[in-house]
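Peer 1: Would you mind keeping the following structure in view while I ask a few things?
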Amino acid sequence: MNLKLVFESGDPVLIGVFVLMLLMSTVTWCLVVLRCIKLYRARKGNAAVKRHMRDTLSLNDAVEKVRAVDAPLSKLAQEALQSYRNYRRNEASELAQALPLNEYLVIQIRNSMAQIMRRFDYGMTALASIGATAPFIGLFGTVWGIYHALINIGQSGQMSIAAVAGPIGEALVATAAGLFVAIPAVLAYNFLNRGTKILTQDLDAMAHDLHVRLLNQKDS
(Lines of atoms letter the chains of each structure in order from A; the text may use other names.)
(Lines give C-alpha, C1' and ligand atoms only; values in the text may rest on other atoms or scores of the structure.)
Protein backbone atom coordinates (compact mmCIF):
# COMPACT_ATOMS: atom_id res chain seq x y z
CA MET A 1 0.00 0.00 0.00
CA ASN A 2 1.22 3.48 -0.78
CA LEU A 3 1.46 4.80 2.78
CA LYS A 4 2.69 8.14 1.53
CA LEU A 5 -0.54 8.50 -0.43
CA VAL A 6 -2.58 7.57 2.64
CA PHE A 7 -0.94 10.23 4.77
CA GLU A 8 -1.11 12.81 2.00
CA SER A 9 -4.83 12.15 1.53
CA GLY A 10 -5.36 13.33 5.08
CA ASP A 11 -7.93 10.64 6.00
CA PRO A 12 -7.70 10.70 9.82
CA VAL A 13 -9.12 7.20 10.28
CA LEU A 14 -6.64 5.44 7.99
CA ILE A 15 -3.81 7.53 9.35
CA GLY A 16 -4.87 6.56 12.87
CA VAL A 17 -5.01 2.87 11.92
CA PHE A 18 -1.49 2.81 10.53
CA VAL A 19 -0.05 4.90 13.36
CA LEU A 20 -1.67 2.52 15.85
CA MET A 21 -0.22 -0.45 13.96
CA LEU A 22 3.21 1.12 14.11
CA LEU A 23 2.92 1.72 17.84
CA MET A 24 1.69 -1.82 18.49
CA SER A 25 4.53 -3.29 16.46
CA THR A 26 7.07 -1.16 18.32
CA VAL A 27 5.67 -2.21 21.69
CA THR A 28 5.71 -5.86 20.63
CA TRP A 29 9.35 -5.91 19.59
CA CYS A 30 10.47 -3.91 22.62
CA LEU A 31 8.73 -6.38 24.92
CA VAL A 32 10.16 -9.35 23.02
CA VAL A 33 13.73 -8.07 23.31
CA LEU A 34 13.44 -7.09 26.98
CA ARG A 35 11.67 -10.29 28.03
CA CYS A 36 14.09 -12.54 26.11
CA ILE A 37 17.07 -10.86 27.76
CA LYS A 38 15.44 -11.20 31.18
CA LEU A 39 14.61 -14.88 30.66
CA TYR A 40 18.10 -15.64 29.37
CA ARG A 41 19.73 -14.04 32.40
CA ALA A 42 17.32 -15.83 34.73
CA ARG A 43 18.07 -19.23 33.18
CA LYS A 44 21.81 -18.61 33.28
CA GLY A 45 21.68 -17.50 36.91
CA ASN A 46 19.40 -20.38 37.89
CA ALA A 47 21.87 -22.87 36.41
CA ALA A 48 24.61 -21.47 38.65
CA VAL A 49 22.33 -21.59 41.70
CA LYS A 50 21.37 -25.21 41.02
CA ARG A 51 25.04 -26.14 40.78
CA HIS A 52 25.93 -24.52 44.10
CA MET A 53 22.89 -25.96 45.87
CA ARG A 54 23.70 -29.43 44.58
CA ASP A 55 27.41 -29.34 45.42
CA THR A 56 27.16 -27.75 48.89
CA LEU A 57 25.95 -29.85 51.80
CA SER A 58 25.25 -26.98 54.18
CA LEU A 59 22.24 -24.93 53.18
CA ASN A 60 23.66 -21.88 54.95
CA ASP A 61 26.88 -22.13 52.95
CA ALA A 62 24.99 -22.72 49.71
CA VAL A 63 22.82 -19.65 50.20
CA GLU A 64 25.89 -17.53 50.97
CA LYS A 65 27.50 -18.69 47.72
CA VAL A 66 24.47 -17.79 45.60
CA ARG A 67 23.73 -14.50 47.37
CA ALA A 68 25.60 -12.51 44.73
CA VAL A 69 23.86 -14.30 41.85
CA ASP A 70 21.02 -12.29 40.31
CA ALA A 71 18.58 -15.13 39.71
CA PRO A 72 15.05 -16.10 40.80
CA LEU A 73 16.29 -19.26 42.54
CA SER A 74 18.86 -17.25 44.49
CA LYS A 75 16.20 -14.86 45.74
CA LEU A 76 13.91 -17.75 46.68
CA ALA A 77 16.69 -19.51 48.62
CA GLN A 78 17.62 -16.35 50.51
CA GLU A 79 14.04 -15.54 51.47
CA ALA A 80 13.29 -19.14 52.49
CA LEU A 81 16.34 -19.27 54.76
CA GLN A 82 15.49 -15.88 56.22
CA SER A 83 11.94 -17.07 56.95
CA TYR A 84 13.37 -20.10 58.75
CA ARG A 85 15.65 -17.91 60.85
CA ASN A 86 12.82 -15.53 61.70
CA TYR A 87 10.69 -18.45 62.87
CA ARG A 88 13.47 -19.84 65.05
CA ARG A 89 14.13 -16.43 66.61
CA ASN A 90 10.45 -16.02 67.48
CA GLU A 91 9.53 -19.54 68.55
CA ALA A 92 8.08 -18.17 71.78
CA SER A 93 5.63 -15.93 69.91
CA GLU A 94 1.95 -16.77 69.54
CA LEU A 95 2.34 -17.21 65.78
CA ALA A 96 5.08 -19.80 66.17
CA GLN A 97 3.07 -21.66 68.78
CA ALA A 98 -0.08 -21.65 66.65
CA LEU A 99 1.60 -22.43 63.31
CA PRO A 100 4.02 -25.34 62.90
CA LEU A 101 7.31 -24.72 61.11
CA ASN A 102 6.21 -26.93 58.22
CA GLU A 103 3.12 -24.83 57.44
CA TYR A 104 4.93 -21.56 58.09
CA LEU A 105 7.63 -22.42 55.54
CA VAL A 106 5.04 -23.48 52.96
CA ILE A 107 3.25 -20.13 53.29
CA GLN A 108 6.43 -18.05 53.15
CA ILE A 109 7.94 -19.95 50.23
CA ARG A 110 4.71 -19.71 48.24
CA ASN A 111 4.53 -15.98 48.87
CA SER A 112 8.14 -15.57 47.75
CA MET A 113 7.47 -17.54 44.57
CA ALA A 114 4.44 -15.40 43.76
CA GLN A 115 6.42 -12.18 44.20
CA ILE A 116 9.27 -13.47 42.04
CA MET A 117 6.97 -14.58 39.23
CA ARG A 118 5.25 -11.19 39.12
CA ARG A 119 8.51 -9.77 37.79
CA PHE A 120 8.23 -12.07 34.78
CA ASP A 121 4.57 -11.47 34.00
CA TYR A 122 4.87 -7.92 32.74
CA GLY A 123 4.09 -7.41 29.08
CA MET A 124 2.26 -10.70 28.59
CA THR A 125 -1.16 -9.05 28.70
CA ALA A 126 0.00 -6.46 26.17
CA LEU A 127 1.28 -9.15 23.79
CA ALA A 128 -1.95 -11.13 24.08
CA SER A 129 -4.03 -8.01 23.48
CA ILE A 130 -1.98 -6.96 20.45
CA GLY A 131 -2.14 -10.45 18.96
CA ALA A 132 -5.90 -10.57 19.41
CA THR A 133 -6.83 -7.07 18.26
CA ALA A 134 -4.33 -6.15 15.54
CA PRO A 135 -6.02 -8.23 12.78
CA PHE A 136 -9.37 -6.62 13.52
CA ILE A 137 -7.88 -3.14 13.55
CA GLY A 138 -6.32 -3.89 10.17
CA LEU A 139 -9.63 -5.25 8.92
CA PHE A 140 -11.35 -2.09 10.07
CA GLY A 141 -8.82 -0.05 8.10
CA THR A 142 -9.51 -2.19 5.04
CA VAL A 143 -13.28 -1.79 5.31
CA TRP A 144 -12.92 1.93 5.80
CA GLY A 145 -10.55 2.22 2.85
CA ILE A 146 -12.79 0.17 0.54
CA TYR A 147 -15.83 2.19 1.57
CA HIS A 148 -14.20 5.48 0.72
CA ALA A 149 -12.62 4.06 -2.43
CA LEU A 150 -16.05 3.00 -3.72
CA ILE A 151 -17.50 6.41 -2.87
CA ASN A 152 -14.70 8.16 -4.75
CA ILE A 153 -15.08 5.81 -7.73
CA GLY A 154 -18.83 6.43 -7.81
CA GLN A 155 -18.35 10.17 -7.70
CA SER A 156 -15.75 10.10 -10.47
CA GLY A 157 -17.90 7.85 -12.66
CA GLN A 158 -14.94 5.61 -13.58
CA MET A 159 -16.13 2.00 -13.19
CA SER A 160 -13.31 0.21 -15.02
CA ILE A 161 -11.39 -2.68 -13.43
CA ALA A 162 -8.27 -0.55 -13.16
CA ALA A 163 -10.13 2.20 -11.34
CA VAL A 164 -11.61 -0.30 -8.85
CA ALA A 165 -8.61 -2.59 -8.36
CA GLY A 166 -6.11 0.12 -7.44
CA PRO A 167 -7.81 1.79 -4.46
CA ILE A 168 -9.34 -1.44 -3.15
CA GLY A 169 -6.03 -3.28 -3.47
CA GLU A 170 -4.35 -0.56 -1.46
CA ALA A 171 -7.04 -0.74 1.22
CA LEU A 172 -6.63 -4.52 1.56
CA VAL A 173 -3.03 -4.04 2.64
CA ALA A 174 -4.34 -2.70 5.96
CA THR A 175 -5.44 -6.24 6.80
CA ALA A 176 -1.99 -7.53 5.88
CA ALA A 177 -0.49 -4.90 8.16
CA GLY A 178 -2.70 -6.13 10.99
CA LEU A 179 -1.49 -9.68 10.46
CA PHE A 180 2.10 -8.46 10.22
CA VAL A 181 1.70 -6.96 13.69
CA ALA A 182 -0.37 -9.78 15.22
CA ILE A 183 1.64 -12.84 14.14
CA PRO A 184 4.91 -11.84 15.88
CA ALA A 185 2.94 -10.88 18.99
CA VAL A 186 1.22 -14.28 19.15
CA LEU A 187 4.44 -16.20 18.50
CA ALA A 188 6.29 -14.13 21.09
CA TYR A 189 3.52 -14.68 23.63
CA ASN A 190 3.68 -18.46 23.19
CA PHE A 191 7.48 -18.50 23.35
CA LEU A 192 7.69 -16.31 26.44
CA ASN A 193 4.83 -18.15 28.11
CA ARG A 194 6.75 -21.38 27.62
CA GLY A 195 9.85 -19.79 29.14
CA THR A 196 7.85 -18.58 32.12
CA LYS A 197 6.42 -22.07 32.67
CA ILE A 198 9.93 -23.55 32.69
CA LEU A 199 10.96 -20.93 35.23
CA THR A 200 7.95 -21.79 37.38
CA GLN A 201 8.90 -25.47 37.26
CA ASP A 202 12.43 -24.60 38.41
CA LEU A 203 11.01 -22.56 41.28
CA ASP A 204 8.66 -25.40 42.27
CA ALA A 205 11.54 -27.88 42.34
CA MET A 206 13.74 -25.52 44.34
CA ALA A 207 10.89 -24.75 46.75
CA HIS A 208 10.44 -28.45 47.49
CA ASP A 209 14.18 -28.90 48.01
CA LEU A 210 14.39 -25.88 50.31
CA HIS A 211 11.36 -27.01 52.29
CA VAL A 212 12.86 -30.44 52.95
CA ARG A 213 16.30 -29.12 53.81
CA LEU A 214 14.97 -26.44 56.14
CA LEU A 215 12.78 -28.91 58.01
CA ASN A 216 15.90 -31.00 58.61
CA GLN A 217 18.05 -27.98 59.43
CA LYS A 218 19.88 -28.46 62.72
CA ASP A 219 20.86 -24.84 63.22
CA SER A 220 20.30 -21.51 61.49
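Including glycine, each Cβ sits where the backbone N, Cα and C put it.
Checked Swiss-Prot, it gives:
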- 13-33: transmembrane segment (TRANSMEM)
- 126-146: transmembrane segment (TRANSMEM)
- 168-188: transmembrane segment (TRANSMEM)
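Can you walk me through where each of these features ends up in the structure?
Peer 2: Only residues 6 or more beyond the boundaries of the transmembrane segment (126-146), in the same chain, are considered here, and those with a CB under 8 A from a CB of the stretch are 11, 13-14, 17-18, 20-21, 24, 27-28, 31, 167-168, 170-179, 181-183, 185-186, 188-189, 192.
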Peer 1: Taking a Cβ cut-off under 8 Å, which residues six or more beyond the ends of the transmembrane segment (13-33) line up next to it in the same chain?
Peer 2: 3, 6-7, 123, 126-127, 130, 134, 137-138, 140-141, 144-145, 174, 177-178, 180-181, 184-185, 188, 192
Peer 1: Under 8 Å between C-beta atoms and at least six residues away from its ends: which parts of the chain pack against the transmembrane segment (168-188)?
Peer 2: 1-2, 5-6, 14, 17-18, 21, 24-25, 28-29, 31-32, 35, 127-128, 130-142, 144-146, 149-150
